[in-house]
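Chemist: First the structure, then my questions, so here it is.
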Amino acid sequence: FFFCFSISPYSPEFCFFFFFSSLFLSFLVCPISFSCHRFYQQKYLLSLSVPRYKRKIVKKKFPYSRAINQSITIELENELETQAKEENDQIIDGVNKLVNKMMQRNVQPETTDKVHNSTIENTTSHPLLLNEKTVRNMKNPERSEFNRNKTVMKIPKNDSIVHLGTSMERESSGEGNPSTVGGEVDTTTVVNQELFHTNTISENSDNISNPLKQGSKSIHVQPTRNKITPSYTHQRDAQKRGIEWFSRRIPRIFSDLQIKSQDNSSLCNLQYILYQTSLKNLNVWAVKMYDASDTTPRGFMVGNSYQLGHFDECIAIREPSHGISGKHCLIETRLKFNKSHHPTDQNQDEAIWNIFDPVDISEHRLPKDSLHLSLCIPSGCTFRDLEQSLRIVVERQHTDVKEWISFRVTPDMCFAENERKISQQLIITCVVFVGFALIVIAVTVFHLLTYEPDIKSLPFFRSALLSFSMVHNFQKLFSGSNEELRFLHGLKFISMCLIIMGHRLFYYFQSPVLDMQNMLQKFLEYDYILVHFNIVDTFLTITGFLTFHTLYTKIKKHGITLIPNAILYRWLRLVPVYAAIIAVLAIIIPNFGNGPVFKLKISREALRCQQNWWTNILFISNYVNTHQSCLIQSWYLSVDFQMFLIGLLLLYVISKNETIGIRLLYACFGMSVVIPFIVTLKGRHWGILKLTTRVLADPIASKYFNEVYSKTHNRASCYFLGMMTSHLCFKLKEKKFQFTTKQLFLNSIVIYILMEGSSFYQWLFYIPDRPYYPLENALYAAINRVMWSAGICAIITEFYITGFGFISPILNHPMYVPLSRLSYCALLIHTQVQLLTIAATRVPEYLTYKKMFWEVGGDIFVTYTTATILYLFVEAPIGNLVDLFLKKERTRTKS
């Protein structure tokens, strides 16, 4: 509000709009965000209604529960206390019914000691009849009075006691039953099972399956610390009965594997027979092939789904006499289950099959129904031979598991050194790059020998030749810039670093990780990073500001004739570097690298670039073949170029009639806010790009990414807001307006609330099982980017008009100038750097946030180093040539 009032005499239109936008934000978004953020975070714990014995598990899964405020803590305590009391009452009633029914069936107890000076005939004081004190003793057996007393009851032999559907066959010998010792059953163990693992005991659950028969045996009633919980003896359903844990079964499947070619290839059959024979004889090459494989799942319960073996040991194997070499293959193993579970509703004693039931990976949960195993095989065998052989061994020798386990092998999962082929495309691409590099080096040497300080004054041909000089381009990179806009260089560099960090998180979730479950928990805990993925809107806002600032006066001077030249100039400046990066990813990288997951990660991206490169060059990749876009960041370049075309048309209208043009600009901005609202409401989309496991694994294939996130009509508001801010700055400069220190301070508070309030509201969309509210999501989709961009615009306005106090020298530092000019190359390169690091992984990594920041620092260093090389060899030389040719064309047109 203070910002609006301070500029109201100078720009009524902008003030009118900004006032009502701030009004809507201040009275709706910010209070909801800050009041509900932590409240809902902790209220969700309460909604779980977990028993007391699960409370530690929940707190461990949600470490931020330490931040519960006092009122929520009291509410949680009361809720858990009430539930625990109800459970105890139900257990007391149920177990008392159980004992009464046993005694009604003429089960005669015999005492060996006195218990509380009561007789066994008095059933009301029978030790098996529970009261609250008994329940407390059973929860704390070391404090129980039963430790000093023992009761023995006689029940018929071969009798079966059924507890909650769990049959516990008592054989006369007592052998094989973990709760019997010498034919005596610990019934307090049974009672404790019911106490700690059931909520209610039905009347039909305590029936005795067989009436009195011959013989009897003793049951000692005494508490023990080593209790047998019902989950260990819980009867499984028919499908899972008798199936052992798969990490023990899968190695046996591979031990029975006989790889045979399905197309009668004698080479594969011969090489595998030689491998088996040599392995029995313990020949070195065969033992290495066996040693390089890893077919035993380890750490799968915490999310380690990659067993990569030893890749380098495998591909280095050579057996010259028979032409055998090693081929490393990944095998995708799918586990099929029937049920689903809630990720927080787990007990350490529940059945393991329940933990590994399939998970809905559209939510923010970790899939636990697939893993990748590694096998080193002879190079003569193909991926089809391996896949078919695995299918056959399961169907013929392991029929009991064929319904719940399957194997899949693709060409991208196998790698052998002798399979690489040099294509014609690779040769041509390398020749072009090497030739261009030689030209740059030769011209640089020539420039050093015949130094020319000012190449602009030279003849056209010589100026064109020296455009390739690294000496000249270094000077251009570090040359000064507009003092009024120097702060934008620092803002662009900082934003670029944050984008690199965000994409590093993306690629973490695509790489083999040793403890993915722990990583997901940390990722959810640090929600500050989770909700700040709208930083890319900073670049759109700055670009809109610069478009108006740099081209408005030129279009006003030269008219519509400048528009075609501006479009051609921008296209020629962007495309060369863009095309070079696409060529590197599509052709060069797949042929220069290896690793167990290298082809699996690189081939997908390379294929997309080979098939859809033309959509990138034409800057339409966000509307054409979006699900197969080349480069994850290509959508931004398409949006930026398309908005540049629209911005030029608006600037032309403004240059002809400023009043009508500005009103048209405001109308376009209003439409750009309404359109995301309609798209989200009609399509029932989320208000944000939810970073679920599916999205993190492949963002380009995400439905929301293709239909909403990457579309220009849903992103235009940031660009229009930047243009409006530039117009406002022109007006304020004309009036020589200056912000006071007090105004700057108050505006800073408003900016922080504006940006952080709109960002933290995103956390509500990540609460599991929270209902979907169409209107809420549509409203947030409409105003989220506007609020962030409005904060950026306020920062730009204050820096441009007055400065920002002690922060101004930081963002205005000259070191940001070259780093900012490298931002375009850095934007294109950094994802390739990160993709190569995960593709070259040999073993699963254990990730922490400390390691993440360390690797992000490495990403930034390598990215900007590579960007400098790309700038000197590609962007700057071609940019200089474009400037020369267009300048010559303009001169010819004037003449």
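Cβ from N, Cα, C; glycine included.
Curation does not apply to TrEMBL; its annotations are automatic.
As listed in TrEMBL for this protein:
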type	residues	note
DOMAIN	265-416	domain 'Nose resistant-to-fluoxetine protein N-terminal'
TRANSMEM	16-34	transmembrane segment
TRANSMEM	426-448	transmembrane segment
TRANSMEM	490-509	transmembrane segment
TRANSMEM	529-551	transmembrane segment
TRANSMEM	571-589	transmembrane segment
TRANSMEM	635-654	transmembrane segment
TRANSMEM	661-681	transmembrane segment
TRANSMEM	744-766	transmembrane segment
TRANSMEM	786-810	transmembrane segment
TRANSMEM	822-841	transmembrane segment
TRANSMEM	861-886	transmembrane segment
Chemist: What else in the chain is close to the transmembrane segment (426-448), if you only count residues 6 or more beyond its ends and a Cβ gap under 8 Å?
Modeler: 465-466, 468-472, 580, 583, 587-588, 591, 872-874, 877
Chemist: Is it true that the transmembrane segment (822-841) and the transmembrane segment (571-589) have 3 or more Cβ pairs under 8 Å, skipping pairs fewer than 6 apart in sequence?
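Modeler: Yes; at least 3 Cβ pairs under 8 Å.
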Chemist: Using a cut-off of under 8 Å between C-beta atoms, tell me which stretch among 490-509, 571-589, 635-654, 744-766, 861-886 contacts the transmembrane segment (529-551) the most.
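Modeler: Looking at each of 490-509, 571-589, 635-654, 744-766, 861-886 in turn, the most contacts to the transmembrane segment (529-551) are made by 635-654.
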Chemist: What stretch in 571-589, 661-681, 744-766, 786-810, 861-886 has the biggest tally of Cβ pairs under 8 Å against the transmembrane segment (490-509)?
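Modeler: By the under-8 Å Cβ criterion, the transmembrane segment (490-509) pairs most with 786-810.
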Chemist: Across the whole of the domain 'Nose resistant-to-fluoxetine protein N-terminal' (265-416), what does the mean pLDDT come to? Round it, please.
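Modeler: Overall, the domain 'Nose resistant-to-fluoxetine protein N-terminal' (265-416) comes to a mean pLDDT of 79.
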